[in-house]
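Colleague: Structure incoming, see below.
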């Protein structure tokens, strides 16, 4: 058995007939490190690496976490799968399959719980978005993520524009000295298709208007509702993506276990002597 050729099958995407094995090895080894490097670079640019406490100071989600976590997982799986196959190390191969299986069952459990406890998930999503609304100006990556979501789904806030009262810069209290008082971010605004230059002040004072008047200037629907509508409209595509990922994970587990069985079968045909292993006749 030549285990060297098996490394190209791991970790998450598998060898396509005709692909250069050397190219695929380099690709799978670089991907995880690249994601991790991007995350660490972004943290370095924001000064997080020199002030670790900044990770917990942010009230909302730091999108860089996604790169760090995904990159870390891919790196661990890539190392275990490739080195395990190259060195015929059954411990690393078993670790690979168990780790991948754990991820699969966590995804499965999350999907089932999300379907069974829809109302609870909706409440948690509202809470999550509102926590990030509060921290909108605290982190540039979070700010860009919220702006992207509000523009993509044509929404504003979790339930509506008034959720921006939670942010110290946009709330309508009399003690708020900000020019953005009673406003919303520009990403809430209804864009004019013929407008070449983005008006970042389009949301100023807009919540001082009546609700019917607001509809001509900003999106008044909440992002939670718009996200649910988007899921329903794209249910087949979303389901197809998750099923495809699940099949790749199951395939990876099966290949790892099959390789472990092959290694044990080969080792069973060898006996140990003082001067090394010899093949049984």
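For all residues, glycine too, the Cβ spot is worked out from N, Cα and C.
Annotations in TrEMBL come from automatic prediction, not curation.
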Colleague: If you look at how TrEMBL annotates this chain, which of 235-256, 257-278 comes out as transmembrane segment?
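Modeller: So the range that TrEMBL calls transmembrane segment is 235-256.
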Colleague: Quick test of your reading of TrEMBL: among 9-26, 27-44, where does it put transmembrane segment?
Modeller: 27-44
Colleague: Examine the ranges 98-117, 118-137 and name the one recorded by TrEMBL as transmembrane segment.
Modeller: 98-117
Colleague: According to TrEMBL, which stretch among 64-86, 156-178 corresponds to the feature transmembrane segment?
Modeller: 64-86
Colleague: Could you give the residue numbers and ranges of same-chain residues that sit at least 6 residues beyond the transmembrane segment (98-117) on either side and whose C-beta is under 8 angstroms from one of its C-beta atoms?
Modeller: 11, 73, 76-77, 80, 242, 245-246, 249-250, 252-253, 256
Colleague: How far is it from residue 156 (disulfide bond) to residue 188 (disulfide bond), counting Cα to Cα, in Å?
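Modeller: Each residue's Cα considered, residue 156 (disulfide bond) and residue 188 (disulfide bond) end up 5 Å apart.
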Colleague: What's the CA-CA gap between residue 155 (disulfide bond) and residue 172 (disulfide bond) in angstrom, rounded?
Modeller: 20
Colleague: Please report the Cα separation of residue 188 (disulfide bond) and residue 172 (disulfide bond) in Å, rounded to an integer.
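Modeller: For residue 188 (disulfide bond) versus residue 172 (disulfide bond), the Cα atoms are 17 Å apart.
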